[in-house]
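Shown next, in structure tokens, is the structure this report addresses.
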Amino acid sequence: MVKKLISFGVLVQNYSSPLVFNRLASNNAAMAANRERTFIMVKPDGVQRGLVGKIIKRFEQKGFKLVALKFMWPSEELLKQHYSDLAARPFFPGLVKYMSSGPVVPMVWEGLNVVKTGRVLLGATNPADSAPGTIRGDLCVQVGRNIIHGSDAVESANKEIALWFNEKELVNWQPATQAWVYED
């Protein structure tokens, strides 16, 4: 028996057992993959040097979507929580002092493989090891003033996002350009 099914504008011919083709379901799976989030923060030196706009531009040009942003002066307590995995390192007190020395711009970006790709956009932690074309490779010279922080894994991104933002601050929206960045 031949059946023709129309599901969201897609014509499917079925020659044997019932075939369920739901384009919406496949779109939802693709959309879920595109909804990975990462935490990116412009550090005090990046803010003081006026690089916030250039950094945002790089992420937008890549096709990622900004879902949260703040301009704030972080407390030492917040920074100690954020960098708790580095607490035993000898540079920890200096890191907290430096990071609390001026305003920062914490952000949440969303997109396909945004954690991994975001790290590539940033470049190596040490600007001397960063390739030209990366944020640190183009805009930094010293590891102690590397202008930006980025989550290193999905798990740490989720932890950092929850530390710096509450759920109401994360804006779910669809940019008009999304169809030009992601295939169905």
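Numbering starts at 1 and runs along the chain as displayed.
A Cβ is built for glycine as well, from the same backbone N, Cα and C atoms used for every other residue.
Automated prediction, rather than curation, is the source of TrEMBL annotations.
Summarising the annotation, TrEMBL assigns active site, pros-phosphohistidine intermediate to HIS149. Long-range Cβ neighbours of HIS149 (active site, pros-phosphohistidine intermediate) (same chain, at least 6 residues apart, Cβ-Cβ under 8 Å): PHE39, ILE40, MET41, LYS43. In the three-state DSSP classification, HIS149 (active site, pros-phosphohistidine intermediate) falls within a strand.
Feature annotation from TrEMBL assigns ATP binding site to LYS43, PHE91, ARG119, THR125, ARG136, ASN146. A helical conformation is recorded for ARG136 (ATP binding site) in the three-state DSSP classification. Around the Cβ of ARG136 (ATP binding site), a 10 Å sphere holds 22 further Cβ atoms from the protein chains shown.
Annotation source TrEMBL lists domain 'Nucleoside diphosphate kinase-like' at 35-172.
The full span of the recorded ATP binding residues, LYS43, PHE91, ARG119, THR125, ARG136, ASN146, taken as their largest Cα to Cα distance, is 22 Å. Taking H, G and I as helix, E and B as strand and the rest as coil, DSSP gives the domain 'Nucleoside diphosphate kinase-like' (35-172) the counts 68 helix, 22 strand, 48 coil. Taken together, the residues of the domain 'Nucleoside diphosphate kinase-like' (35-172) have an average pLDDT of 98.
The Cβ neighbour count for PHE91 (ATP binding site), using a 10 Å radius and every protein chain shown, is 11.
Most buried of the binding-site residues THR125, ASN146, judged by other Cβ atoms within 10 Å, is ASN146.
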